Every structure is written in structure tokens, then in C-alpha cells.
Protein chains: 2
Amino acid sequence: MNQDYITPDKWSIIEEGFDPENVESSESLFSLGNGAMGQRANFEEDYSGRTFQGSYIAGVYYPDKTRVGWWKNGYPEYFAKVLNAPNWIGIQVFINGTPLDLNTCKKISHFRRELNMKEGWYNREFAVILPNGIELAVNVTRFLSMDLDEVGAIKYKLTCLNASAEIKFVPYLDSGIKNQDSNWDDKFWNTTKIVSEGHRAFIEAHTMKTNFATCTFMESYMELNGNKLDAKPSEITGQDRVGLAYQQQVQKGDTLTLIKFGGYTVSRNHPPSKLVQVAKRNLQEATELGVERLLERQKSAWAKIWERSDITIEGDVKAQQGIRFNIYQLNQTYLGKDSRLNIGPKGFTGEKYGGSTYWDTEAYCIPFYMSTKNQQVARNLLEYRYNHLEKAIENAQKLGFSNGAALYPMVTMNGEECHNEWEITFQEIHRNGAMAFAMFNYYRYTGDYTYIAEMGLEVLIAIARFWYQRASFSTPKNKYVILGVTGPNEYENNVNNNWYTNYIAQWCINYTLEQLQKVKDGHPEDYDRVIGKTKLTAVETDQWEEVAKKMYFPYSEEHSVFLQQDGFLDKELVPAADLPKTHRPINQKWSWDRILRSPYIKQADTLQGFYFFEDHFTQKELERHFDFYEPFTVHESSLSPCVHSIQAAKLDRMEQAYDFYLRTSRLDLDDYNNEVNEGLHITSMAGTWMSIVEGFGGMRVSDDKLSFTPRIPEQWDSYSFKVDFRNRILKVTVTREDVSFDLEGADEMSIRVQGNRVVLKGRNTVKL
Amino acid sequence: MNQDYITPDKWSIIEEGFDPENVESSESLFSLGNGAMGQRANFEEDYSGRTFQGSYIAGVYYPDKTRVGWWKNGYPEYFAKVLNAPNWIGIQVFINGTPLDLNTCKKISHFRRELNMKEGWYNREFAVILPNGIELAVNVTRFLSMDLDEVGAIKYKLTCLNASAEIKFVPYLDSGIKNQDSNWDDKFWNTTKIVSEGHRAFIEAHTMKTNFATCTFMESYMELNGNKLDAKPSEITGQDRVGLAYQQQVQKGDTLTLIKFGGYTVSRNHPPSKLVQVAKRNLQEATELGVERLLERQKSAWAKIWERSDITIEGDVKAQQGIRFNIYQLNQTYLGKDSRLNIGPKGFTGEKYGGSTYWDTEAYCIPFYMSTKNQQVARNLLEYRYNHLEKAIENAQKLGFSNGAALYPMVTMNGEECHNEWEITFQEIHRNGAMAFAMFNYYRYTGDYTYIAEMGLEVLIAIARFWYQRASFSTPKNKYVILGVTGPNEYENNVNNNWYTNYIAQWCINYTLEQLQKVKDGHPEDYDRVIGKTKLTAVETDQWEEVAKKMYFPYSEEHSVFLQQDGFLDKELVPAADLPKTHRPINQKWSWDRILRSPYIKQADTLQGFYFFEDHFTQKELERHFDFYEPFTVHESSLSPCVHSIQAAKLDRMEQAYDFYLRTSRLDLDDYNNEVNEGLHITSMAGTWMSIVEGFGGMRVSDDKLSFTPRIPEQWDSYSFKVDFRNRILKVTVTREDVSFDLEGADEMSIRVQGNRVVLKGRNTVKL
């Protein structure tokens, strides 16, 4: 935990004062992104202290060779690594020849950062005394344009406070960068061409192996006290690097500003031969607009996003800051414009986890994007998996499955599995279930059945085939069992009959059988096409049905709960609260075997099933399971507190729900798990959104209608959120006394509030 | 399997004819070693075909950095890698400037290798036509001296059959070598000095990180038709390489011979500054003796070894060849002279498995060395572990254990763990039991209790502390359980209550408690010293006792067998014989998850416990367990067939026992598991020895006496073996009718034969 260094504020993330210990954490927290690229909040000027440099381009990765001590058959050949891309933000600053470096200054008398989430920009201001005695005030604003999404802008203002001096700015581009997680000191980029033309420079480089071609570009000019200078720079070219040196004599009190535009053009979006040309067009547009007008456009782009997705909380600044930070980061990461992209668990804020797509997308992110964006965005996320179906079938084949059974990868960039730990890659197979659940969830929310008919059914058949083959018959139990899996709780490996896995396997088969019938009845042409393609027979579906019908679920009569897996009760069931504080987080303090034989749960597992399939269980059952499992849950996965918050709210345990809400919404801001330096937890931020809308707001969809059971934590005066439900925008405001619904437009809309039917038109208020 | 390319022979391993596909396998099978160094049977002359180069120095290793995708707490910092050492055997050969290279010859009209195990030398002869048309006959003899164990000798004879020619020999040393398993292209050797003096040359090099200093040396001369030439060589020095070029014009039919001595001096045995000096002394001694006299000494050294350890088999050449190959390789690997060394699973024949010491030593190798060498050799092997006790305690601490609990490493060079797969390193904890079992076994056989009193008790206490802490209480079972382990069957990971592990844990505690009493009674000073040092209290031993008393063992009432682990019966119990052949070996064909959820057993697990503790179970129980588990056992560990052979013999299933015997004794010769190219399975060779002595011979020790229940496979006319029991040498010869005992010396000795007491003196024969 590092709770106190971010200043609470409704719309901004603010750090006051300079602490080198916080540099790497702040680099994560103040990250910028615009869906197409992103970067950690590294300083523009040189910094010789500890830092984690990172700049990332959406979809650009490196297939790092899988290297393990002992190879296991079935491992993928490579692990897709998120690639640190060439640096375009760098500006070296020299004052009378002395470099500006916050790590070597005599004194830092003022330091402040602000990430303005409302408007989408990042500012850093500081005042320092250099080793040579010169006192400086610096103010830097940076943003990645939502409008021109290949361009970012920096306005670097510097004032000499106590003397006149010669200032040298060297804005530069650098493609000689490495990944921090590059254990093997590999180089991932090959620089092919470095060009400078006047105020502009370009580096063409491509990634090794994947051969993504990029042009990293920049253009700069200076202003003295607001007046543009026409000083010509001199070029300084190194290996993998080009800088343009601007020199200027300034008087005491003068403000010299360097304005820099930069960014990338990439062969994912343009022909490789046109990258420089497109880069020039970008620079042309940006400089013609100028930094101020570009910033105006940035503000209005963000205003539009907030208009659809903002959640307000009155009476609790930290809670308000938390939810906006989550919504902001989700929108920096993924905007749904490019269906080849997906939502990486660290977004553009770090290297960890490699790859871009986990089951997080289907299990946690879909509801946020369905409710706050056009429904095509969620559909794109589903189509992403349909497009990877062939690869998922190949993946299953590698593991010994046949007849078109599919196992979706644990981690992927292009549909291929690119994770290589056997206990995850081969065993965390429940991910297959999330693919089917997302379809169910999408249809339930949007009412759009065409995805299932046109594409989804094929995916469902392949998944059902997998579950059928993966289950095996246990003679002593006279049931089908699923042996050797890792459930959502990754603190258990190679267990038998993980309840969640068995449950979602059974559900997948039954859901597939239902959809087969439904497509047959409603979309006979699609049905014929799919049956023809998959060669599905009645014998096969009968076999599936048999397995689903006789699926085994571990259960404790004594506790009246489903067991997370066989043998769970043999563990020493000491509640996590009884562990010494020095042992937490256990994943940083305990060896793996100790974690595995403990009862401690990384994230909701049985309770995840209760979340997905809540209609299948009574409130009493939920309560028993929550009471049984939560005390052993250490929430060391970012995906844990949100589900627990939703369920605590459902059980009317508002104090607990509120604590979990804070934990999920401020996970990174308060660094609960001591790891924010590595980057942010992006996908779980969608879970934070759910913990308000589904948790406190109690929003559900049933029978094609929204329903609400609003609750409010006692720390709050009111809160509001907005959803787009089937192309109608509904704003929900909950106060301590009532709930108001504002339906945009002239239509009527029927909903349920606390079980009662309400027909909305315009504004309606219901007493609680 | 590759059953037919080694010619059956009682005393030699013979390959006839050249097949490039067999080169790497033969390089393993024809390996040489003398306990201090060893090498694969690489060709002396250049070979451009596929080859696996390997030369190894005992105790010289490299601490390769542990690099894994996802770090787990507790992993050791490094993995000890067996290091390929500088090459001293190399001799380039040019005929009229054309290199001799078996891969580029026009024709190979004859090719034969022989490893003469009786005398300890390796010969290779071949006749070829070179690309330039010259026909050559070559005959090379090589051996590593048992007498001067830093020296090896090569006699390389070459005859031009069809023309006169100019021959150039370039004997060389090369320290620019790599490991085949060097994924990261690391260099492990740093060459510091290259010197040549006349016919001699020296390369000084040290290993990176571990800084073992070595001098690799050579001296050569030529003979023409048996007459020594005094041709001076010219030096050819490269980076990491020195060659001495000898040139000679020969006539058709002339035989030109290059004699080369070479080897290593190492800082493990000499001060680093003296390595060259000692190397010169070695060369002086070797050249003064000459190759023929050195070979005579070699023959008599091996005669002495065979005198004590030979096993004869009449009527079955393949079986005879097999057992001698096993005994020969064990003696090439470890002679018991240096107590810092141990028995590496691949000896000096390959790189796989890294490290030198596994539980194989305690579980499989001790009986062989106890019976065929002076008992000090076995005691050295025990002391090796005593010397590592502090490191084993540190290792346990890293995993969260306390109060002096020890976990011996899975793999080690110097006492530190150097293996890094969680399911093995952290979970295959049964190895701790083997340490205690070896003490029990050593005392049972030798009657020497001083080891336990002086050293062993401390080890036992530390191991008992580990088991006490590692067990946990299961409320539903009302028993102590051991969760999350890997048993001897590594095809199961992270299982609960592996029967073997629980059983040996219980036994360790009980055995420790007994030894505490025994040392207290018989060696009170040792007792006081050990109690003072370990601060052991009565409270602690009471706690141990409680855990041992209430240890849980999984059991099936239906099958009346102990279950290998909880849940074993939930698997699909399809016998291994029903698997399609194309699926075998499963570790090369199946993904790891598929193996884990299958019932297939890599090596004896429950049956290993029945082997160690056979007195605890009835013959009927053994039979039930054998019948239950053997059908699922795929014997993909080299350590499996020997235990099964012994138990099949005990059950009087001689046909099966014989099959297992062939499989264990000819595992490498017939390449059962398709991997002999990687090196030989050394430690299991001691198991082969047991399968004759304990299996067919039925030798046991009880009440300080040997007992025998001899059986003979119907394929054999007779067999004999010799054991040293408490300094008396007894030869046992079993024919189809009777068993004879030849006791050396004038003493009497009381034994049991088929349950009956027999007092031996000189030769005694008992009818069967």
C-alpha cells in the first residue's frame, strides 16, 4: 500500500512533491494512451535515477522464443512480448552546458504532476536549483491526441529564475531501446533509416521477427516568452538516434518553450513504403493546428467520452477519483475502433503479462464496453474470437484433442497461444467457458442474436466438443469428472473437479445445445451452413448431453457449500485475516508450494460462478458460499475485489461492499498489491465499473428489460451512472432517499426497480 | 528402441558398419571415464556430420542463471550445469591436403567400434576412400587411465592402402567449446594462456562464475611402421585453440601412427598456480611409461575392479553384455576415491539433468557400492549429505520452514538446490526420506553404527523436523495429511497424500525417534552433543510422534490397495498396454496435462515403498499392489524396470522379471526410451545390479546376516555375483539345480538360504 501520495481530487490525479521512490509508480499512474498508442509518464529530459521506460504501439509485439528449463510437449514456440517502442518524447535540456536531471539537482523546491482526466492531458511542473546554481522553473504539458491518433504533443516551458543563461534543447528520437523484461538482452528493433529535415526527423525501424515497420517522427520549434523563434537546429545523429539541437540565450525571468510533436506511423495501418509520407502529413496537420487547438480538440474528444461513460459520486472524493481513473484508463487503452485489437491487462502502461488478450475481456470488460459505447464495439470483441477459431482448434489439436474441438489461448496476440507455464497454458481451461458466456451476455444485453447465428454457433460447437473430450468418467463417482485443471484461482494448480470449471463446462454444453435448436428454428440457413461445416451429428450432441447431465460437482454436506475442488477441506482452514501481516501479499512472501497447499484464494473462483450464473442459485446459497470462501480470499488478483463488491452489495453488506469497491477502484492509486510500478491493472477496471453499476446500482437484464436494486454506501451522498441499453441512453442517479432515471429522447422504456415494474419517460424518480 | 546395431558379446560393446544416424547414440554408448574425467566417444578427426561433443571433468560445473517465464519465490538463483570441458582428444588428419572426415568420404568400406570393458579401452577401425581417391585404413585406440587419472592416451594408426601420400596430423587442444544445451549461447570458459613447447601444448582456462581453473594439456609423437620419428611439429595457434602440425610423406602400405597423451589438471585438486607444472609431470610420467605400458596398467586396474564386482551369466550373451555394461559404466563414473564427488545421473556421457547428485544415489546406488567396494565408499556417500546439512537447512528456510528443518535438494553440486521447476524442486520432497533410508540401509548392511552416532542423527533430526512441519491436520480425515507433493512418479504433480511420501515421512519420524534412543543408550556423548547442537526437546519429539501416529494413507477398500494418492481411482484406468504404439513414450508424444490426468506411472511409486519396506508387507499385499499398479506403469524413468524386476522375481513371475531385467540392463544398449543419444542412464545401472543380486539372487540382510532365495530365469544356464559383506567376500553361483557359495578366506559365515540356516566355510553348495 502507498496510500497517501496521490492527492484526492474529483477529476485529476495529482502528485505533490518529488520522491524518487515514487518515480516508477507515478510513471504507471500518469500513463497516457489514445487506443492506438500509449506511454508511461517518463520524463522528457534525461533522468539518471531509477525509471521504467515504456512507450507502446497497439498491436506491435515480439514473439519471444519460449525458453524453459524443461520443455513440455505442447508449449507454444513463442511468448508474445509487449514491445517497448522507440522513444519520441525525449528532450535533453542543458543550461550553460549542465544537463537538467532531477536526480542530480541541488534542490527540488517544487514538484507537481497532474493527470487531468476530464480533458485528457498530463502536466508536470517543478522548480529546481541545478548543480551549477541556476534556478529553473519548468512546466510541461503532454497529451496523445484522440483526434490525430498517431500524434502526441509536448509543450516544454522553462524559465530561468535567477540568472541569464544559455539553454540548449535537444528533442530526439531513439530506437535503440530495450524491454525491461528482456532477460536475455535481446534487441527487438532494427533501425533502417534515420533522416532529419529542418525541424523534423524520422527514424524508420522494424521489429525483429514480426517485422512490423514503423516510422517514429517528430517536429519541434521554440518560443521565447510566447513568440515563435525561427532558430535552425543542428542535427546530432547517433546509432539508432537522432536529435535536433536548439540553442538560445535567455535573460533572467525569460520563458523559453519547446513545442514538440511526435508519434508513430505503423505498417499495421499503412503500406510500409508510405510510413514517412504519412508521418509528414501528420506533422503537417498537427503544426498547422498548433498545440493549443490540438488541445482544444482533445478536450472535446474527452468530453464526448465522459458524456457517455461518466460515473459521479457525491460526498466521497477518493471514491470519485477512483472510478474516473478506471473509466479514463479503459478509454485510453481501448476505444473499439480497430477490431484487430483487444484489451491488454496492462494496457499501455507496462510490459508485464505479454500478449494482449486474456479471458478478462470476455469475463470483465464486455459489460463496460456494451454499456458505454455503441454495441458494435462489444460485437467486435466477440468477432475477434470468431476470427481466432481456427487457431483455437489448432491449439487444442496440439494438446491431443480432435474433431474440431477448440481451446482458446490463455494469452494471445493473433489467436496463437503464447503463454508457457503448463499449469496455466494447459490447465486453466475454464477460459473456454468465458468465450461462451460473453455471447450469452452480449445477447442478453443487446438482444442482437445475429452474432450467434452468423458466427457464435461455430465457436460454441468447438467449445462443447472440447468439454466433451476433456471430461472423463469416474467409476467410483459414477459421474463425469474434469481432472487436472487450474481454476480462476491460480493459487491452486492441477486440481481435480474445480467446481467453477465443471460448472461452466456443463453450462457451455447445455447452452450450445439450446442455441443449436434456436438457430435451427430461427435461422435455418445459418444452421445448415454451420452443420455442414462442422459435420455435427446427433450422436455427438447426445454424447455431450450425457456428459453434461452426469457432471460431477464437489460438495460439502457439512458446510452446505460446493467445494472449490476435490479435497479442499483437507487444507488447514485458517482465515487470511489470521496470517501475520509480514506474510502478505503471499505471492511475494511465500514459496509456490506453500501457497498451493494453503486454502488461500487469489480471486473469486466458486464465487465467480455465482456471479456469472446468479439466477441458478438462491440468495441463501450465495450467502453461505460468500461466508465460506471470502475469509480465505487474499484478493491478490486485480480481478477479485470487484466480484466480491458486487456480491457483498447483493447480500446487503454495504460496509464490506464499500471496502471492496475502494480496493478495486483504487487498486493502483493506493497500490494495494505493491506492484503499481510495473503498470496498471486495466482489465479489472471494467470490474470496478461493474461494482457500481451491477453492485450498488443492482442493474441486471432479464427478459429483455433492465432491472435495478439500488443501494448506496453510507459514505456517499449520491451517485450516478449512464448506460446505453439497446440504443437508448439512461442515466441513473441514486441518492440516500431515491433513485432517478433520466431517459434520453422521447421513447418510453419499461424497467423494474426493486422488483416493481416502472415505465420510464423523460425523468422518473422512485423512492427507496 | 534400436535393438540391433550393438553386436552381442560377453565382454565388449561392438558396433559394425557406419550409420550416421547412430553416431550420437554410439558417442554415448562408447563413452570413457575414469572417475576423475570422462568423455563421449567423439571422433578424434574432424567430423562434419551430426555429433554431440562432450568431455567432462568431475566436479566442474557452471551455475547457469535460473531463467523462467514466471519466477516463483524459492527458486534457486542458479541451475548447475554439467560443463562441456576443453577438448584434448582432437586430431585433424589431412591426406595430401584433403581432410579425413567420415561425413565426406567417397566410401566407407569398413567401420567397427569396440569398447573393451574387461580391459578398459575403446578402439575404432575403419577403411575409407577419400574424395581425392586415396584409400586409408585407420585404427584408433583410446583410454582414460585409471592409474594416472588426469591422463588419457590415443594411438591413431593410419595406413595408406593405394598410394603414397603426404600425411598431416594436427593434434590440438580447444577451449572454445560450448554446451549443447546452452540455449542462450553463453560461453562458459575463459581462456587465459596458450603455450606450446616442442611436442607439448597447454591451454589454461577457467570457468566463468565458478572460476574452476584448468590446464588442458597434450603431448604427441609419430611412429612410422612402429619406429618413432623425431619430426618437429609446427605450431598453429588460434583463439582458444592450439594445434601442433606433424607432416610426413608415406609410401603405399606404410602405417603412420600418432600417439597422443592428454588430459586436465584442475584447481579442485591442485593450487591454480601449479596446474601447468602438474600437467608436465603427468606428461613426463605418461611418456616415460609409453602407451603400451600404460595400457597394461589399465588392464590390471580393470582386472581388479572386475575381480570384486563382476557378474557372470551363462547361456544368455545379451544379458551378460548388459550387466557388464552397467557395472563398467558405474565404475567409469564413480570410484569412491573423492568424497566431494557423487554419482551423476548421466555420469560423463552427456549434459542432461545438470548437477551431480539426485536421490538416485541414496535409493539406488548405495547397495552396489556397499557390496562391490570397501565400505568406506558408501560411508563417503553418506558423509557427502552430512556435509551438506547446513545448506539443506537453508534450503528449507527459503521455503518457509524453521527450527532447523532440512530439505535436501533435488539436484545439487555443492549442497545448494539447483533445479528450478516448482513441481519438482518444491514438491518432490520424498527425496528427504531417501537420505534417512540410506543410513538405515548402510547400517543394516555394514553393521557400522558410528556414522549415525557421529553424523547421521543430526541429519535425521533435521529431516524429522521437516516432515513434522510439512504435514498438516485434516479435520474431515482426523489425520495428518501431506498436501501438494510430487511422488517418485513424476507423471503426477501437486497431488495430495502420495502414499509413498506419507509412508516414508512416517517412517523417518519413527526411525529418528528410535535412533535418538539408541544413540542415547549406546553413545551418550554423541547424544549430548547432538541434543545440545540441535536444541531438541521432548515436547518436539512428542509432536513428531503424534504426527507419525496419525498419518493418513489413502486406501481403496474395493481393490484392497493403498492408493498412489488421493483421487487416483477417478482416473480412466486404461492399461498402458491398450495405448496405441504411436502414443509411446507418452512423454515424447503427449502434452503434460494429458500425462498428468492419465493413470500412467513413470516409475515405481507405491511399489518403491514396497521395495524399501518390504518387511512391512505380506507377499499377498505385494502381489495385489503389483497387479494393480504395474499395468499402468510406462517405465519411462530408467529407475523403474529394476524395482519391478526385483518384485516380479519375489513374486516368482520369472518371465516378467526377466523382461524387466533386460529392459533395465539393456536400457541404453537397446535404447528403449529413444534417448541414448543424450547420454547414458548411470544411476539406474546400480538398479540393474540389484535386479540380479536382490531380484534373482534374492539377497537380503536381516539380523546381521545375509539371506538368499535364489531363482534363475529359464533363459540362463547359471549366473554368479560377488558381494563384500562386512569385509568378507562371498561369491554366489546359481545354476538351474543348485546354488554355491564361495567364501574367501578361512572364516565361517552364517547365512540363510531359502529360509534355512547354512554355515559357510570355503565352498558350499545347496540344492534348489
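Placed from the backbone N, Cα and C atoms, the Cβ positions cover glycine too.
The shown structure was predicted, so the numbers you read here are calculated from the model rather than taken from an experiment.
Listed in TrEMBL for this protein:
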- B:14-268: domain 'Glycoside hydrolase family 65 N-terminal' (DOMAIN)
- B:324-690: domain 'Glycoside hydrolase family 65 central catalytic' (DOMAIN)
- B:Trp359, B:Asp360, B:Lys602, B:Gln603: substrate binding site (BINDING)
- B:Glu490: active site, proton donor (ACT_SITE)
- B:699-760: domain 'Glycoside hydrolase family 65 C-terminal' (DOMAIN)
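Feature map: annotations from TrEMBL on the structure.
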residue  : record                    : CB count, 10 Å
B:Trp359 : substrate binding site    : 24
B:Asp360 : substrate binding site    : 24
B:Glu490 : active site, proton donor : 21
B:Lys602 : substrate binding site    : 22
B:Gln603 : substrate binding site    : 24
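The record assigns B:Trp359, B:Asp360, B:Lys602, B:Gln603 to the substrate binding site, and the maximum Cα to Cα distance across that set is 16 Å. Mean pLDDT for the domain 'Glycoside hydrolase family 65 N-terminal' (B:14-268) in the predicted structure: 94.
Taking the centroid of the Cβ atoms of B:Trp359, B:Asp360, B:Lys602, B:Gln603 as the substrate site, the other same-chain residues with Cβ within 8 Å of it are B:Tyr358, B:Ala363, B:Pro488, B:Glu490, B:Ser637, B:Ser638, B:Leu639, B:Ser640. The secondary structure of B:Asp360 (substrate binding site), as reduced to three states from DSSP, is helical. Mapped onto three states, the DSSP output places B:Gln603 (substrate binding site) in coil. Geometry remark: B:Gln603 (substrate binding site) versus B:Glu490 (active site, proton donor), CA distance 8 Å.
When Cα-Cα distances from B:Glu490 (active site, proton donor) are compared across the binding-site residues B:Trp359, B:Asp360, B:Lys602, the shortest belongs to B:Lys602. Per DSSP, the secondary structure of the domain 'Glycoside hydrolase family 65 C-terminal' (B:699-760) breaks down as 0 helix, 39 strand, 23 coil.
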